[in-house]
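I have a structure I would like to understand better, so I am pasting it below and will then ask my questions one at a time.
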Amino acid sequence: MDDGVDYMHPDLKYNYNAEASYDFSSNDPFPYPRYTDDWFNSHGTRCAGEVAAARDNGVCGVGVAYHSKVAGIRMLDQPYMTDLIEANSMGHEPNKIHIYSASWGPTDDGRTVDGPRNATMRAIVRGVNEGRNGLGNIYVWASGDGGEDDDCNCDGYAASMWTVSINSAINDGQNAHYDESCSSTLASTFSNGARDPSTGVATTDLYGKCTATHSGTSAAAPEAAGVFALALHANPSLTWRDIQHLTVLTSKRNSLYDAKGRFHWTMNGVGLEFNHLFGFGVLDAGAMTALAASWKSVPPRYHCEAGAVNTHTEIPPEGSIKLSISTAACAGAGSEVRYLEHVQAVVSANCSRRGDLELFLTSPMGTSIKLCISTAACAGAGSEVRYLEHVQAVVSSNCSRRGDLELFLTSPMGTRSMILSRRANDDDSRDGFTKWPFMTTHTWGEYPQGVWTLEASFNSGGSATPASGWLRGWSLVLHGTRAPPYAQLQPQDPHSKLAVVKKAHEDNATIK
C-alpha cells in the first residue's frame with residue numbers, strides 16, 4: 001500500500017500479481033507510479049523490490065522472499081487522504097493478499113496524534129478476523145521516522161494491536177537517528193543510518209533502475225513483510241496472531257543498543273527481553289521459518305476490560321527546586337530497612353505566604369502521580385485472560401503542554417513500560433488525549449492478575465515554564481489467551497525464548 005509499483009521493472013514483472021492490484025488514487029487496475037519532470041513516486045517500487053525482487057538475473061538486488069508475488073495498491077498519491085481510500089486499500093482482495101505492508105502514517109513532526117478512522121479500523125479488524133480465508137491478514141507497519149522527539153504510540157496505525165510495528169537498526173547494532181521509541185514496537189529490521197550517509201538498502205527503482213539509498217523505517221517494514229512471507233511459505237496455516245508470537249519468540253537481541261543510552265534491555269516477568277527502540281529484537285528469518293514449520297496455532301484470544309479509574313487528578317508540575325537524598329537505607333547496620341511502612345520528610349522553610357507552598361516527596365520507585373487498577377483479569381468469565389499478548393491503557397488527559405507528559409504502565413509482575421515519552425515539539429494545550437489507547441507488548445506472556453499502575457509525570461526538558469495538567473481517567477484492556485499458548489510445542493533448544501517462557505508458564509501453573 002503505497003504510491004504505486006513499477007510492475008514492468010525487470011526485477012518485479014515476473015513476481016507481479018495484477019489480479020490483486022488496484023489504483024485507488026486513479027480508480028483503475030493499473031497502480032503505476034506517477035512521474036513528472038519535477039516529482040516522481042518511487043517509494044512503493046522500492047518497498048516492493050525489498051520483498052519480491054527476482055534472484056540471479058543480474059538486475060539490482062534480490063528480495064527477501066524472491067519467490068513471492070507482490071501486488072501494488074496505489075493510494076498515497078493524491079492531494080488528500082480519506083478514510084474511505086484507506087479502508088478500501090486495507091480491505092482490497094483480502095483472500096488473495098496475505099500480507100499488507102505500509103511504510104507510511106501520520107506526519108512525523110513530533111506533535112501529531114492521529115490514527116485510523118472508523119471505516120479504516122473496521123477494514124483492519126475485518127482483515128485479521130476474516131482475511132486469508134479466516135486465518136487473518138497480516139498488516140506490517142513502519143514505526144515512523146520522527147526520531148527521539150516523537151513516540152510511535154501517538155501513531156494509531158503503528159500502535160494498533162492488529163498491526164506488526166517494525167523499527168530500524170543499523171549495521172553496527174545502533175538505533176538509527178530517525179527511530180522513534182515506543183512500547184508497541186514488536187521487532188526491528190536493518191535499514192540505513194550508518195556513518196556513511198550514502199549507504200542504504202539496495203532495491204528496485206523506477207524505469208528499470210536500481211538504488212542503494214532506500215532508507216528509514218519505510219525500508220524496515222517491507223523487510224519484515226518478506227520474512228513473514230517466508231514463514232507463511234513454511235507453514236501456510238499460520239494465523240495473524242501466530243506471526244506475532246513467532247516474532248516475539250525468534251527475534252534476537254544480538255548487539256543492539258541505544259546509541260544515546262536512554263533505553264536499556266529489560267527482562268519481563270516471564271523471561272523475555274525487550275527494548276523501547278527495538279521491541280523484542282531484530283527479526284531472524286532462519287529462526288522464524290524453522291519454528292514456523294513445526295508451529296501449533298495459539299489458543300483463542302480473549303478481550304478483558306479489566307477496570308477503569310474515573311478521576312480528575314492534577315499532575316503535579318515539575319518543581320522549580322528539587323533536593324535529593326541518596327540512601328542505602330542503613331544497609332549493613334542494625335537499623336537497616338528493606339520494606340517501608342512510614343516515611344517522614346522533616347522540612348524547614350520560610351515563605352512570604354506559607355499557604356502557597358506545596359511539597360512533594362518522590363520515592364526511588366515513584367513518580368508524581370500513580371493511579372492503580374486491581375484486576376482478576378475477568379477470571380470466571382468468558383473473557384478471562386491468563387496469558388498476555390497486548391495490553392492497552394486507555395488514557396484521557398489535558399495539559400498546558402501535551403509534549404511534556406510522560407506515562408508509564410507497570411504490570412503486576414513488575415514490568416514497567418514507558419507508554420508515552422516526552423515529545424519536545426508537541427505544544428498542544430487544547431486537545432490533550434481523549435480515550436487514547438496506549439499499547440504495550442512488553443508484558444507479552446505475563447500473568448495479568450493483580451495491580452496495574454499508571455504513572456504520570458511531566459518532563460519539561462529544562463524549560464523555564466513547567467507544564468501543568470490533569471489526568472481525567474484511564475481504563476485497562478487486556479488481550480491474550482486463557483490456555484497456555486505454547487503447551488503443544490516442544491522446544492528444541494533449552495535456552496530458547498520458547499523454552500524459557502514455556503517453563504515460566506508451567507511453573508506458574510504448578511504454583512497455582
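Just so you know, glycine gets a Cβ as well, placed from its N, Cα and C.
According to TrEMBL, the protein has these features:
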ACT_SITE  Asp2  active site, charge relay system
ACT_SITE  His43  active site, charge relay system
ACT_SITE  Ser218  active site, charge relay system
DOMAIN    297-484  domain 'P/Homo B'
Ser218 (active site, charge relay system) has how many other Cβ neighbours within 10 Å of its own Cβ?
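If we count other Cβ atoms within 10 Å of Ser218 (active site, charge relay system), we arrive at 26.
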Fill in the CA-CA distance, Ser218 (active site, charge relay system) to His43 (active site, charge relay system), as an integer in Å.
8
For a quick check of understanding: among the active-site residues Asp2, His43, which residue's Cβ has the most other Cβ atoms within 10 Å?
Asp2
Calculate the distance in Å between the alpha carbons (Cα) of Asp2 (active site, charge relay system) and His43 (active site, charge relay system), and round it to a whole number.
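One finds 7 Å between the Cα atoms of these residues.
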By the DSSP assignment reduced to helix, strand and coil, which category contains Ser218 (active site, charge relay system)?
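In the DSSP reduction, Ser218 (active site, charge relay system) maps to helix.
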